[in-house]
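The structure appears below as structure tokens.
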């Protein structure tokens, strides 16, 4: 590493060496540090979790221990993410070193790097001082209390104060001081994780911002003279502006690849950190507000809250800077003397500016954009038989769809036979639930409210069964089988679809287990003589005893409710999975190597084929949208009401853990269902707007002007993304999904 660059990175280097995560450390050194550091912080997390479990009977103690436990989880998520992506993080650092050595040859570019690295160095020092300083009140309290007790200044009832309420599974009286020392070291370790990981991420972003500024300098000075005698079609060997433009394009692609790697390595970690951080802020703020009568405790938790808020800020600020700098590239280009360049240079600049319309962003799980704005407001179609390979990928979804009689290749007789058995079960289940809810309203409003959510879920699934979709997947599969690259792309996306289908099935069926097991467990405990007198006499999955005679038809109703519920789950998983697989062919990959030929412009023909494929994608997507938008609208409304009611029931039954678990799992299942409807739409959106990225990443600057005009038109069309909507007014994507869930949580809190 260059000595000057080392001076800017030394704070980050010291912090990362302590954690054993500095990329230049030897494997042995990293291993030796890890075998000491990892058990220390892992033991702290285990002890905090044990203390939390033991404190369940004491709500005050439980609330006091939740926030530190969540914060420890957040720190551990940071550490695991960096360790898991160590090679990618190392590549980012190596890229920084290569760029540094390259630009040290030029004075102006060198000064730009100095300026941004100085910002990173100052922010690292200030952030470390702030976080460590904010934790001092929290960490000093046990020591001060021990000193005060030793000097008999205070007579506290807590003879053995610790940093956190923990259960170390040993005698605290005997091992108090070793436990206290361990808690100090572990807490310092967790703080170091936060400071080291956040500041190294800031350093990576500052380097990207410096490259954007250098790119802006090149664009502003693409023409250095003031000669207005412009040769619009010069000899390529004499076109200095065009050569400079190619260098700008290379640097722009370098910035995009660097930023995308940074986003890929951090997005999942940012997602979990953000969730845990917000929960931690809520709990520590609540503790600070409720402990105002004990000033020392309130001060400890207030410092904790401020520190966590600052952590969220430092995660959002780099994302804001990166978005601002990439968005500013078009401003730099506009200030340059582009009007004195050749036509080929202007065409290149135009496509580059189109690419700049989409700023580079850092996200948390692709759901939440890390920036200061978000920080401040936290007809039936006859189908031919499938290809064997394609059928293998869709085998799991095919089985589920055959169960509900909705697989397109089933014979009409088979569909009729399945429907004669399946539909009466699910429809009667909805009728029984609705009847039970109406009958219960006059007698017990609590039971009516309890039954409302399952009834809405049943209605939502009936809506799913009635929808039909025109698909062209088999034709596209057979066409793509002619080319190796298209085969690989389809195999990759169908594999993802199969994996998500299986995961979704496990999630839905698993979340229903608490509901399905209650009647069986109740009857078993009564048979074994373990149940008390207060046990419900005729337990069911859902309340229906107000509609039929339970004493007479109990076992028939119970068996029917099991088959009906499992049938409903099959409808949800099967139809949602097939909808997920219907979107796997949305890949507008134009990243091909095209070379112009003056005698026979083959690139123009290739561009024409791309336009045909693009139009095919648009028509296919419009078919999906028109076939599903009304269904999605009805499902969305029912889903949101259901989540609200099940969440309400879970909160109202906290004194009954079994009931709370049942409805809590129901709420989670409904949330997953909404997520699974939003995820394919988000993927469709992402892939449709990525068409212009593929075009920009290709060697378009080597193509003929006719080909570039075709690409320009296609890129302009790609600026309007393909979207799936619910009733033409709600766009199904992960951003709206997260906003919807956050809105529900805020209304509940």
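Cβ atoms are placed via backbone N, Cα and C, with glycine included.
Heads up, TrEMBL stuff is auto-annotated, nobody curated it.
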Residues flagged as transmembrane segment in TrEMBL, choosing from 104-124, 125-145: 125-145
The transmembrane segment (175-197) touching the transmembrane segment (31-53) per 3+ Cβ pairs under 8 Å rule: yes
Other parts of the chain folded back onto the transmembrane segment (175-197), taken as Cβ under 8 Å at six or more residues beyond its ends: 12, 15-16, 18-19, 21, 37, 40-41, 43-44, 71-72, 75-76, 78-79, 81-82, 124, 127-128, 131-132, 135, 139, 142, 160, 162-164, 166, 168, 311
